[in-house]
Amino acid sequence: MANQGYVPLYEKFWLKRTIQRVVDTLILLLLFLFLIYRVSSINSFTFPWFLAFLCESWFTFTWIVILNTKWSPAVTKTHIDRLLQRVPELPRVDLFVTTADPILEPPIITMNTVLSLLALDYPSNKLACYVSDDGCSPHTYYALVEAFKFAKHWVAFCNKHNIQVRAPFRYFSDVAIAKSGDSLEFKQEWLQMKDMYDNLGRKIEEVSRKPIPFQLGGDLAIFSDAEQRNHPSIVKVISENKGDLSNELPHLIYISREKRPQYPHNYKAGAMNVLTRVSGLMSNAPFMLNVDCDMVVNNPKIVLHAMCILMDSKYGKEVAFVQCFQQFYDGIKDDPFGNQWVSSFEYIIRGMAGLQGPFYGGTNTFHRRNAIYGLYPDEIETGREGILADDILTQQFGSSNEFVKSAACALQGSRNYPEDISPSNFIEEAITVTNCAYEYGTYWGKEMGWLYGSISEDVPTGLNIQKKGWRSECCTPDPIAFTGCAPRGLLSTMVQQKRWGSGLTVVFFGKHSPILGILFGKIQFRAGLSYFWLTNWGLRGFFLVCYVAILAYCMITNISIFPKGLGLWIPITIFVIYNLHTLVEYLTIGLSVRHWWNNQRMCIMRTSTAWFIGFLSAMLKLSGISDTVFEITEKEPRTSNADGDNADSGRFTFDKSPVFVAGTTILLVHLTAMFIKFCGLQAAQNGNGCGLGEFICSTYLIVCYWPYLKGLFSRGKYGIPLSTICKSTLFALVFVHFCRSKVIN
Ligand SMILES: O=c1ccn([C@@H]2O[C@H](COP(=O)(O)OP(=O)(O)O[C@H]3O[C@H](CO)[C@@H](O)[C@H](O)[C@H]3O)[C@@H](O)[C@H]2O)c(=O)[nH]1
Ligand SMILES: [Mn+2]
């Protein structure tokens, strides 16, 4: 290859979005103008004025962060044909799936993910699939064994007929009846496959309905006294591709790491590190793909696409990971809960792709193994030399000699690793490296691997890698690479948002903050700044809630923080231009006006509730008062014919979560403020009575919170629970009382 000259396996194009930039700049200038106005027009210094100034400075800063991120969007184009021509031997890739709870994550979903991975269009002897089960569930194990039996037929079927969608439930729900143009043979096989798949589904379903499902004898005996949070390691090689044959299925391994109540297990990050070690022993592929249990492969050639980037002989060497977007197959029309992120992918993540690369999003990612092990990009040609002394490696990687040997190979470039290893030879060693105590005193989770300490482990893990100078790339082939379950309703969306709000705040204030990465690492300035878009979510919640409170305060006490007369036109213009601008952005990428509005109001709602609560819980964690927990998002399989509840699928549902207490309080406070204003109950004018500015803001807020208003008067799951209403009323009364007592004094 060396003497053939350089031919790029992938290309990168920067997009020009000039008009967008002009409007972005205009908004920025207006924001500055408003800040200047605010400072210059001060005649009496008041605390609300100061707070408003602080919040508005923050909003301006956020806008700068967004501009900076949006302004160099890039796309990549991969050339699979060149890869196949020029790379004589495709590299191995280890595939990781994590699952944690058989109730919230029904095994049939996980099995579809696994099946779609086993059916990848890539030499199967180069693949090994590892499933980590944090639920330690015999159901999941049983499902996996059964799914593997089915996989033999399924993969053959996919290959023979060149099926594109290789997650069976997606395939069978898309193609309802075999098309009439197809051959009789195909139709027969199609029906047979469908029958087999339905059978698999039934078996898994039947078993999962029983609490103690089946005789835990034989293979399953080991689960018999395992509790979810207290059990020994279980490692099972469900199947191995013994002859290293490209027409057999990939290796398939089940892992449930040891858990003991006295050891923190670090949630998903802990599971990922275990997967990394076990796979290091068993197959030690130079690249690893990690997906969540609900992210099925949608483009069977995705590994080839990603390899185009990672194997590119010039630019690929700087790339530590390749990130594919998280897209969803079951997103509700017009994104009522704002959890599909379509416009953020297009503008923000593509924007980051033009800087040092997208952040690591936790799933749909191809990693370079040695980058996970802490290698620097400049060591990639030569491999790490000199510091591979066994004792140092043992200290960093833990005490398993076998594993240390494999890690040394990986750090040197893994060229000299034996090809014909058999996973089942390493079961005992695998058990050792999955024990709770294995990581004690090592670098795992602290300096390398998936980092601990934040429940958004993905972002610091990615930052820690980019800090060493690595880049990352997006890979967005057509058809899209992976598709997953979007959180189905408002409840699971809020669980997820709260987790991110909290986890990201911890990252922002922690050791792996982008600021430190810029100052002391090799995060480029603009790339670091673009990370603020993400890591500031919690802080954004804090500032928005402050602003919302000031507005209510002004209405209640009859003072004004907005200028009057001509000066009021600045914020109004900002508001109008901003909304039109984002609307055009949405329409440009084919989204509807409804989608835009849903996202706008959801942005206000989640920032002032879920992110704010996340921020508070992060503060508690940072001050050592309480720890945060990874709450798993529920994944409901949506069957194609369950259309009965479609009309209601976008409706807001509520429960007793503090998120809804925050939201209801905000709504009640503003309703009261409006009431006070319109009934003339405000205090007498004391200088500058509250005016149009406050009124517009408050109205906008109430319009955004309309679903809550409806929730106040609805029943059942569509109504806000009484206890939440009581708590919120109490908070609202305290706030209003506080405001009014200020006036009297
Ligand atoms: O103790 C745990 C908790 C979670 N998981 C797995 O982690 C994945 C992500 O969990 P999920 O509840 O689906 O979270 P999401 O909100 O959908 O996840 C997003 O956010 C997470 C960080 O907050 C990232 O890790 C994910 O990749 C990203 O998709 C799932 O496969 C889980 O099975 C574990 O393996 N062990
Ligand atoms: Mn998920």
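Positions of Cβ are set from backbone N, Cα and C atoms, glycine also.
Since the structure is predicted, the reported quantities are computational estimates derived from the model, not experimental observations.
Summarising the annotation, TrEMBL assigns transmembrane segment to 21-40 (among others).
Taken from TrEMBL, the feature transmembrane segment applies to 46-67 (among others). Same-chain residues lying 6 or more positions outside the transmembrane segment (46-67) and placing a CB less than 8 Å from one of its CB atoms are 24-25, 27-28, 31-32, 34-35, 38-39, 348, 529-530, 532-533, 536, 539-540, 543-544, 546-547, 550, 553-554, 559, 561.
The annotation UDP-alpha-D-glucose binding site is assigned in TrEMBL to E105, D134. Annotation for D134 (UDP-alpha-D-glucose binding site): spatial neighbours T98, T99, A100, D101, S256, R257, K259, H265, Y267, K268, A271, criterion Cβ-Cβ under 8 Å with sequence separation of six or more.
Marked as active site by TrEMBL: D134 (among others). Annotation note: D134 (UDP-alpha-D-glucose binding site) sits in a coil segment as assigned by DSSP.
Look at TrEMBL and you will find K268, D292 tagged as Mn(2+) binding site. For the recorded site, D292 (Mn(2+) binding site), the DSSP three-state label reads strand. Cβ contacts within 10 Å of D292 (Mn(2+) binding site), excluding its own Cβ and spanning all protein chains shown: 25.
Residues annotated as active site in TrEMBL: D458 (among others). Taking the Cβ of D458 (active site) as centre and 10 Å as the limit, one finds 24 other Cβ atoms among all the protein chains shown.
The list of residues near the transmembrane segment (542-562) in space but at least 6 beyond its ends in sequence, with Cβ under 8 angstroms from a Cβ of it, reads 46, 48-49, 51-52, 54-56, 58-59, 568, 571, 604, 607-608, 612, 615, 662, 666, 669-670, 672-674, 676-677, 682-695, 697-698, 701, 735-736, 739-740, 742-743. Marked as transmembrane segment by TrEMBL: 542-562 (among others).
Residues or ranges marked as transmembrane segment by TrEMBL: 568-591 (among others). With a cut-off of 8 Å between Cβ atoms, the residues of this chain six or more beyond the transmembrane segment (568-591) that come close are 20, 23-24, 26-27, 30-31, 33-34, 37, 342-343, 346-347, 562, 599-600, 691-693, 696.
Residues annotated as transmembrane segment in TrEMBL: 659-679 (among others). Tertiary neighbourhood of the transmembrane segment (659-679): same-chain residues 494, 497-498, 545, 548-549, 551-552, 555-556, 605, 608-610, 612-613, 690, 695, 698-699, 701-702, 705, 708-709, 711-712, 720-721, 724-725, 727-729, 731-732, 735-736, selected by CB-CB distance under 8 Å and a gap of 6+ residues from either end.
Residues annotated as transmembrane segment in TrEMBL: 691-708 (among others).
Sequence annotations record features per position, and here TrEMBL assigns transmembrane segment to 720-739 (among others). Nonlocal intrachain contacts for the transmembrane segment (720-739), taken as residues 6+ away from its ends with a CB within less than 8 angstroms of a stretch CB, comprise 549, 552-553, 556-557, 654-656, 660-661, 664-665, 667-669, 672-673, 676, 708, 711-712, 714.
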**Request:** Report, as numbers and ranges, every residue of the chain located at least six residues beyond the transmembrane segment (691-708) whose Cβ falls under 8 Å of a Cβ in that stretch; write 'none' if there are none.
**Result:** 548, 551-552, 554-555, 560-564, 568, 571-572, 575, 600-601, 604-605, 652, 660, 663-664, 666-667, 670-671, 673-674, 677, 720
**Cα-Cα distance linking D292 (Mn(2+) binding site) and E105 (UDP-alpha-D-glucose binding site), given in Å to the nearest integer** = 10
**Complete:** Other same-chain positions with a Cβ less than 8 Å from the transmembrane segment (21-40) and lying at least 6 residues past its termini are 49, 52-53, 56-57, 59-60, 63-64, 66-67, 70-71, 563, 567, 570-571, 573-574, 577-578, 581
**Complete:** If you measure between the CA atoms of D458 (active site) and D292 (Mn(2+) binding site) and round to the nearest Å, you get 12
**Fill in**
Here the binding-site residues are E105, K268; the one whose Cβ sees the most other Cβ atoms within 10 Å is E105
**Complete:** Among binding-site residues E105, D134, D292, close to ligand 2 by Cβ (under 6 Å) are D292
**Message:** Can you tell me whether DSSP puts D458 (active site) in helix, strand or coil?
**Reply:** helix
**Prompt:** Once the DSSP letters are reduced so that anything not helix or strand counts as coil, what is K268 (Mn(2+) binding site)?
**Reply:** helix
